[in-house]
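Enquirer: Found this in TrEMBL, in case it helps:
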| type | residues | note |
| --- | --- | --- |
| DOMAIN | A:1-460 | domain 'Cytochrome oxidase subunit I profile' |
| TRANSMEM | A:12-36 | transmembrane segment |
| TRANSMEM | A:56-74 | transmembrane segment |
| TRANSMEM | A:86-108 | transmembrane segment |
| TRANSMEM | A:134-151 | transmembrane segment |
| TRANSMEM | A:163-183 | transmembrane segment |
| TRANSMEM | A:195-220 | transmembrane segment |
| TRANSMEM | A:232-255 | transmembrane segment |
| TRANSMEM | A:261-288 | transmembrane segment |
| TRANSMEM | A:300-321 | transmembrane segment |
| TRANSMEM | A:341-361 | transmembrane segment |
| TRANSMEM | A:382-406 | transmembrane segment |
| TRANSMEM | A:426-450 | transmembrane segment |
Amino acid sequence: MKYSSQSVAMPYFIAAIGLFVGQIIFGLAMGLQYVVGDFLFPEIPFNVARMVHTNLLIVWLLFGFMGATYFLIPEEAETELYSPKLALLMFWIFLIAGAATILGYLLVPYSTLAEMTGNNILATMGREFLEQPLITKIGIVIVALAFLFNITMTMLKGRKTVISIVLLMGLWGLAIFFLFSFYNPGNLVKDKFYWWWVVHLWVEGVWELIMAAILAFVLIKVTGVDREVIEKWLYVIITLALVTGLIGTGHHYFWIGTPSYWQWLGSIFSALEPIPFFAMTVFAFNMVNRRRREHPNKAAVLWALGTGVMAFLGAGVWGFLHTLAPVNYYTHGSQITAAHGHMAFYGAYVLVVLTIISYAMPLLRGRAANGERAQVCEMWAFWLMTISMVFITLFLTAAGILQVWLQRVSDTPMPFMAVQDQISLFYWMRLWAGVVFAAGLVTYLASFFVKGDSKPLIHA
Amino acid sequence: MSGTFTKAMARNIFYGGAVFFFLLLVALTFDTMGGLPKSDNRANLTESVLRGKHIWETRNCIGCHTLLGEGAYFAPELGNVYPRRGAEFIKAWIKSQPTGTPGRRQMPNFNFTEQELDDIVAFLKYTSEINTQKWPPNIEG
């Protein structure tokens, strides 16, 4: 750690990991509800568990992005953070607001929560991933603005690198596109159309800028490759991401009441969306192969390479699998979508956050890298979580293919619930893979407590 | 990544490409909004439909069901439930929840009034009449 204000990243990373644990607990509960339908009913119905699962994911990734930013911006700008106090204040506001929202989901009926929190003044709730009460949404905007103010001010007084500029563009984009969550017209087609301006333009747009910037930062640090080379790669990757991803939004506009030309535009551009992810994979391996130093933090290198590979598989390959309109006609809204969602989020965003945590956390704890045993433990966690996520994805894909066949392709289509019974074997297998994932997560937590000779910091 | 392709060139292509394709998305959005009246069934967007949408949202129906293929994949697609089941079946079904069958997926009971049930049905009927380019492939959704 080169600047003392970087230490505000630590609580953000700890909160991210804590909420990640919560996300997985609810994921397991839902996995069980898929096969034992009345599990936890009526206390925690599926829709509540799902809201908690997906909202925790979003919130912990945001904690991760913010922590990453607070860690890397002072180092890139070569100056202390504009206001570490504001960063800590925002941490507590975001954590308390997030926890209160999750408790609201769990303890209060959703319609009551909506009435209590001003949804009748401006109705924004009850749309997938944007279920947060109005006051939480406003809170997110306030936290985001304070955060962006802090980061922008830091950058203005310091060195402006390509990494920090790209990261900041991604973060501003994140905040700006979130504003579409306040627009909820009665016209369902318009509602859905602009809903994607948050969801798609986040995960297949500005989040890719954030991800690529974080990955580039870690790669510079662990490989020692010349910044000029890495920054050129960074520009190429984010160019490919936005050129394909912006019009690629069209792959969500096939069947929701929008004009049919989106079938062409969406198919063509989103078929190209794997390219930036492939470039990211090549980038990560290329930089590690050309490394000029052996960084003592081997685990961080593994997470970084894992991000490249798994983002390409999850977002690239599994996205392409069902993105062409004639294919999507059958797969839209099936378990294929769920399969893609799981591996894409894990491969791209979970792994990039765990990459920066793996790199930064030992530094925040005053060492260059963790000891051998702690790193081995962390690498076990990587493999357990990554391999089990591959299996979760494969089982959901198998379930999805059968579902599509029985319910949509067949000459004698079966009703939804009858099909669900037919494919329950795969849901059971997915659940067991989820248990292994949870074991990987426990291993990950344990890696922070493994004692051993850590690698000391060498002050230049 | 040869020496002739400089970082400045990469930067310029990025800004040019990002701005161009974002503006293209905005232009297509305007075009789409212009074309929507033909496909989005807005003629039938009654007060009852709007109330039904509000009920749909405040009960978090999307947390289990899909609507035009978007949402959760735990319970049936409802974009075409109106032609699949009809108004009376939908209302009776909602009223009879939860079934309480051991081991089966359960839907909560929301204690709706007759008016609220009619509003939900109106919303689902309106939704089923949106031009979705013939999706879903068959009545099972």
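Count begins at 1; order follows the chain as displayed.
The backbone N, Cα and C atoms fix where each Cβ goes, glycine too.
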Enquirer: Cβ under 8 Å to the transmembrane segment (A:86-108), counting only same-chain residues 6 or more beyond its ends: which ones?
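Expert: Those are 5, 8, 11-12, 15, 19, 22, 44, 48, 51-52, 55-56, 59, 62-63, 66, 70, 116-117, 131-133, 136, 139-140, 142-143, 146-147, 149-150, in sequence order.
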Enquirer: Of the listed stretches A:12-36, A:134-151, A:300-321, A:341-361, A:382-406, which one has the most C-beta pairs under 8 A with the transmembrane segment (A:195-220)?
Expert: A:341-361
Enquirer: Summarise the model confidence on the domain 'Cytochrome oxidase subunit I profile' (A:1-460) as a single mean pLDDT, whole number.
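Expert: 97, rounded to a whole number.
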